[in-house]
Ligand SMILES: Nc1ncnc2c1ncn2[C@@H]1O[C@H](COP(=O)(O)OP(=O)(O)OP(=O)(O)O)[C@@H](O)[C@H]1O
């Protein structure tokens, strides 16, 4: 799939913008603080209805305005889909094919994006919450069922934690209600863990091939899903559900004492191992970067496998963080295959040599101007 055009109204520092995008590599060129990341963020928001930079939708609205709009046209093998999102004090509204969607989960998945920013290099080294967020964002985009389970789980988790707090402060005494909540939580928690395992298994396969290639066959990458659910129960959702219920039972006193839920996918983690050692603890910085890059590139292939379409790739200032060999690998892997947006302050060195026929946009103070006339359709490739 690819994004053919993008329109912004009062989005961040853009009063108005209407651009036709290139089918291949799009370079957003400009000085610092001009709006390059804002443009990338607009594409991310158009795909997922929420930003990767802020949890507060109102930050997306221009400071002088009350409402922001992002719209675009996505070209897929099945046809072209117009998408539109509006953000205001009343909340957000999402339209697919000009029809308003009652649920945002019905909207997500129309446009698939993968964002790669310098923070993503922290996927290996950073806190477990970064890796959980990574799984949730990526798998949620590929699979509406995952998104549904996740939203049910989050609502129940909040409710259960509140109830545990009430029990802790002796405002409630009904342990039967706690076990009702535990059963519900175990049901959705098990679905999430089972889906994560299934998707991780596929992602690992793609990441292994890429990692071996970048490391010139010297290294083998493996994934390890870290959970309190015992290994022997990790076979299917039903067994995971039973194991989670048993764990709630076993840890009930501890949970009552702490007033919070201590077991479940919201506490799980993902570990990356290189040559049988945890790369988070024992890997060099280079190995950690190779791992992060392999995982990100593997997502492209996984998304194609799961949805039948290549996603759109957003590279926010990431090339400058990679050495020449890794940059070369990245750009060669995506060239002629994936529509890509790259933000940068200058297009030079290895990047310029490697990118064939880029569509260049100059970004300055909330305006975006194409370099010459974009040849988006001329440079179209056959594959999606
Ligand atoms: N809601 C908003 N309304 C108006 N302007 C905003 C809003 N949010 C952010 N900005 C402005 O957008 C600009 C930042 O743009 P952006 O983050 O896209 O920079 P950039 O071009 O990617 O720069 P860098 O290369 O430093 O990352 C800042 O000048 C900031 O003040």
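Indices start at 1 and increase along the chain as displayed.
Cβ from N, Cα, C; glycine included.
Taken from TrEMBL, the feature ATP binding site applies to 30, 31, 32, 33, 34, 35, 36, 37. Residues or ranges marked as domain 'RecF/RecN/SMC N-terminal' by TrEMBL: 2-345.
Positions of the features from TrEMBL, shown on the structure.
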residue : record           : CB count, 10 Å
30      : ATP binding site : 20
31      : ATP binding site : 11
32      : ATP binding site : 7
33      : ATP binding site : 10
34      : ATP binding site : 21
35      : ATP binding site : 24
36      : ATP binding site : 25
37      : ATP binding site : 21
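Along the domain 'RecF/RecN/SMC N-terminal' (2-345), the predicted structure has mean pLDDT 94. Checking the binding-site residues 31, 33, 36 for a CB within less than 6 Å of any atom of ligand 1 leaves 33, 36, listed in sequence order. Other residues of the chain with a Cβ within 8 Å of the Cβ centroid of 30, 31, 32, 33, 34, 35, 36, 37, the ATP site, are 38, 343, 345, 363, 364. According to its DSSP assignment, residue 31 (ATP binding site) is coil.
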